[in-house]
């Protein structure tokens, strides 16, 4: 395997091809490279060299790797196999339908009910006296790319809804996607089939009904996210944009986000810049500028802020692009993210994706290229949404509950096809494929690993409700950790996020342990106080002679279940009823719990090993910049993700929640629990 920065020192090893992965093992450097077939975007055979036949792979996760095989025949066979395995012909051949989780013990159905459209709209007080649920799309007859539950103005009749649907591209009529607390509504749709002169009275009435749902404003905006020249060109195809003369009290705005083809070309130029063999500062900056990627990211954020600002000021907005499933999804979700703090939590962000992307029909399978199809339909629409979220996180790090790793996991699993969550182009496709029955949900996996995605800096009370982005050109940053994630020597030795997360985990473990110790101390104080009070109550007369030797011998015999004939009857009653017997019994119980207390103290690591200068796991797996290091909460050692795949409740934690532990510690905890169990 070639190193782009040091071609003279390649990694030598063995290449293995399985049904799901391409694996390269470098035994000398103890290095493993695993590439999921579904992550492969393109495979290319390069010209023969003196070293052998080069094979270059470019992945959807922005990994670029070149293997040199000694024999050209082997190279051709792997090339042919990878082309077939990375581009299945049928949806049924995707990885998710054959994936069997080895670590998840929950059934496949778990996680598919995480999001409920009606519950999400109830959270924003819909339905109400202005907005209601329509059942016209229950069988997807009104629009097959919309969800079955649609929220429309209460005043809109069935004829208005049907007429508006027929006048909009793909039947995607204006429907509610978010209602602000001030009654300003955010609605989404597709472009009208207006051509040069066509009009539709029902569509005009539909927009008027949306306007009247907001009593706080006498007008509303219709935002066309396309450049105006593109919208005008669509008129020739019988589509286009709304005629201002036919729609009253509505202000129209074109906000200039480019189409999927421009975005695809822009990302391609960006990656070419990132893969320069001899990069200089001048070459990199000029390549970044010519790609236009950051300009496009800023354009999406600018449009989203225009919408969010209008809603915050109490003005309703209707948004569309061409068909309403690419740019519309981007700006609707981002403007909601800016307005609503709930969407900045882990659960809320997942709900936002479920609503504005999955339910409202973003064509994930076509835009990502899950199956073989038209390459012109592939475009980084969702990648740009993730990038815009990261830009907001950089500007307001305390506003988001999740970290960068959360975004990486989302982005990578959109194309991995390991889970069924992002398979298909709309809600109807996912129902027809029976994904909830046949595949695992990504949300269940992320819930089980939620501790990896917590942002230690999250402090929602310190952030205003509305997140105002800084759109100055110098604040829009190149996301090195995303687009150069797999490059060596361009990342910090220890990512700050990992250090913060490890510190928070360690603090959480110690706080939980302290709570248990405080509880034990309180119980001990209470017991000592009770014993002292008992002694004061049971005062023994000076005239009474107590034979202590006799008393302790009898107590020992009782404990051992021994019944001496000479001590039966009243003597036994006399001993067991003696006031000193209760205190002695408590003393024995305290002695018995000393081992338990010692076990509780030893079960929690007070000191954790530092992450610095640890180059490999105990299993000999080397650590690099994109493989995270994990601490065992019991012993405090550092392990790789494969060696710390167990969770257990530690005796030294009051909460008894399950925490990450290494395999030896996991076995030790199991043994301890089995000994304590009766």
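From the backbone N, Cα and C atoms, a Cβ is placed for every residue, glycine too.
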Matching range for TrEMBL feature annotation, coiled coil, among 451-478, 479-506, 507-534: 507-534
For the coiled coil (507-534), mean pLDDT (0 to 100): 88
Non-site residues, in chain order, whose CB comes within 8 A of the mean position of the CB atoms of 259, 260, 321, 322, 323, 324, 325, 326, 327 at substrate: 190, 225, 328
